[in-house]
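Peer 1: The transmembrane segment annotation in TrEMBL covers 21-44, 224-241, 262-287, 299-319, 326-347, 425-445. The domain 'ABC transporter' annotation in TrEMBL covers 507-744. Feature annotation from TrEMBL assigns region 'Disordered' to 829-865. Marked as compositional bias 'Basic and acidic residues' by TrEMBL: 840-857.
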Amino acid sequence: MLQILYLLRKNFNLTVRRKKASCFLLFLTPFCAVFILFILKFIVERDISKQYANAQRFNFDWKTKCPEDQSPCYEFIYSLHSASGGSAFVTNVMNNVKADLASTLSVSENALRVRHFEDKTTMEEYLFHNPNVTFASVAWGNLTSLSGNTSALEYTILYNQTDTDRYSPVAWMKTSIDNAVLSFYGATPSSKIVPHLRGFPSPAETTEDVTSKVDIYVAQGSRFLALPGMILFLSVMHMLVTDKEFGLRRGMEVMGMKNYAYWISWFVTYCCYSVIISAIIILTGLITVAHPFIRGNPLYHFLNLTLFNISLVCLGFLLSTFFTNGYSALVSGFVVLAMGDIMNATIAQGSVCYSMMSDDVLRHFLGLYPAMNFSKIWLDMSYKTKEYFDVSLASFTSGRGYGFGDLFVMNSHQGYRITNVQESYISFLWQLLNIVLYIVLCVYFDTATRRNDFFFFVKPSFWGCTSLFAKKSEELSRIDESKVEQLPADLKKQFEKARDFSTPALVRLVDVHKSFSKNLNLPKIGSKNEVLKGIDLCISKPGCYMIIGSNGKSTLFNLLNCTESPTSGECFVNGMNVKHNKTRIRSQMGMTFEYDFLWQELTAWHHMQLFAELKGIPQRKLKEEITLRLNQVSLYHVRHHPVGSFSGGMKRRLSVALACIGNPPIILFDLPTLGVDPSSRMKIWKLIHELKQRHVIIATSHSLQECENLGTAIGILAAGKLQCFDDSMSLKTRHKAGYTLSLGYRGDKEKALALLQQYMTHAKPEVHENSLSIECSVPQQDMNEFISLVELLESNPPEVNEIVEEWKISQTTLDDVYKSVMKEVESANLGEIDEDEAVEAEHTNHEPLPEILPEKQEIDDDGEK
């Protein structure tokens, strides 16, 4: 739980420091989406009003009655009401209206044809199937005032909007009903009379929604309001994949972060973003007097928008598991955004949406598309609150509104003659289902891609049962004598010590192999790429142990920091198996990667605080620990500066400080001085020299000079195997004589070679004819003769001067050792050396050791001086 809080604080700091991006995402985007709709609504209303600029209001006269030859035909139709006393009230009022109409038309009441229905629904169903049978109809709404309530008394006059000849009775009908109500009360009624006007539910309308042309919120609302959520989706893709690409997530995991804490922190963060975006949309909608928010319940819109945004966030979580490159993820996100907008503009609009959602099979398939559920709910609300242009009144009129009961009503879009459209609450449930489904799939694919195995869940190791199948120490201790005899002395000692479990060791690797499948372990498809082919290593004492080589170094580090598990063999850190004790091992380990896992917007103090908390440093010691580590790398004075303002060397020093948090017994440095300036390199070397007195440091490097200056022991990794592991002097002695003689001759190559062979019979000279020089290593067995040759060259007698123009002696370097090892590997056909990944050896003269380093001393195989 604490880790979640620490990560939430980190996300909050990132949000605050990314001011422009945060304002655009959380405030500007949702505001613009609603404001653009408001502008479009203003333009549409202006154009519609111009079309009816000269519209005349109809008078109060009812000039005609039903033709005698038309049947059925009614002067008016009305519905009764189920409220207490409602039927009697409605009957009394409508009888007065009938009498008033008979007087107006100068006919008897019996000559008028009037029909009533028991309820409004039955009446509207009749009007739907029987168009043009009446001039007007009356549906009674709220009549609670009859029982003493002071609320409004409502009724709705329905009329034929498609025929302008039938508009004239509307105003007369309203006046007559109001007079009849006043007559019923005998005085001013206790409730406010609230009339409404609405067109008939006519099936004669075409499949093109007339009102959608007028109401921009119905026509384009869901499309525009979905855009902030789509931008949020892009943000999710960018943030998560960037964390992965730049090693930020991996770095936090090595420092002890739990995987679930990472996902929950981002989920909570983006849920907060979703709430803010939804609130801004609702607030802007209320300010611009958008009828879906005014006439509808803002709470339902808020719930719809928030669930839609969260479902897109979870979809972004899912898709991010398939990308490791931020640019590719962003491009793919824009493709999804474009496709989503096209779908929102087509299948998620109007009649198409209702038509598809009315199909029992198609609705379940489309329910998995977040925008479809969002649009369906939006249309349900908008159609019940939409505005239409009333020609009889020459103005826009709002719908009845959307209430709680409408969530559970089976919708039927009368304008399109579409029925059997699922209830709104089912679309809400689909949104919740999408969120859960995307999260489950995200967890699965994240685990599968990180484990490089789609079938991880069927393996005992996933369920914590690896110990049942783990090899016992007795089995690992068995020594294959045939293998041991073939090994050089240094590797033979490592082989035996790695299997001697009676001696404690901080790092122990026993016959470790690591292979990767090129097809995520799909059966019968993937081919194996074996990176490590049997590593035996045992480190039991403090020191700095350098690893160089063409490839396999990062894989070895991933095994030690528990990011990977060995394909075969066993790996132990401080006596704990990496397969079973990841959390405990990481709590006792620090590491820097080849890259700096840093957020450019956060300060050095923010980084140190986060990683110290993930490491489990107590709060009372937090400030002291951070201050100590920043002082060690000379960064305390810039502790409150954003890392983005640091130089490359300063960033690298900060990464080293992060690895040292908590004083871990084991520290892994992957290229600790990569890309740093000489000054920063000296500071890092000084720190490593201090740390190696009390810690086990395992470091990789591309600099052979660095290996020689810092290395307690040096291992060369090639062809998947450890080719040697010993101190610098021992390696030079094993692979070279220790000295190299370079001889420049005056033209007679044979005489120069004869001179060398006379004194060094075991030497193997290399002739460089272009430069007229000969170079050879001094064999150990010819060392006495070599001294005599040097004395001869120094005396420079005439017979030597005729042959030798110049000469020099140099000490054998690790560069020479590395070349020798690579040649041995190639000659033994142990594997191909990848030249693109070869160590960037410094072939120039080595710089002198820095003053901070003590004079090199001989060490034994355990790292003892």
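The first residue you see is number 1, and the count goes up from there.
Every residue, even glycine, has its Cβ placed from backbone N, Cα and C.
Map the listed features onto the structure and describe their local environment.
Peer 2: Same-chain residues lying 6+ beyond the ends of the transmembrane segment (21-44) with a Cβ under 8 Å from its Cβ atoms: 15, 213-217, 220-221, 224-225, 227-228, 231-232, 235, 273, 276-278, 280-281, 284-285, 288, 290.
Long-range contacts of the transmembrane segment (224-241) within the same chain: residues 25, 29-30, 33-34, 36-37, 266, 270, 273-274, 277, 281, 305, 308-309, 312-313, 315-317, 319-320, 323-326, 328-330, 332-334, 336-337, 340-341, 344, 370-371, 374-375, 378, each at least 6 residues beyond the stretch ends and with a Cβ under 8 Å from a Cβ of the stretch.
Sequence-distant contacts of the transmembrane segment (262-287) (same chain, six or more residues past either end, CB-CB distance under 8 Å): 3-4, 7-8, 10-12, 15, 25-27, 29-31, 33-35, 225, 228-229, 232, 235-236, 239-240, 249, 252-253, 293-294, 298, 301-302, 305-306, 309-310, 313-314, 317, 439, 442-443, 446.
Counting residues 6+ beyond its ends, the transmembrane segment (425-445) has Cβ neighbours under 8 Å at 263, 267, 303-304, 307-308, 310-311, 314-315, 317-318, 320-322, 367-368, 370, 373-374, 376-377, 380, 407-408 in the same chain.
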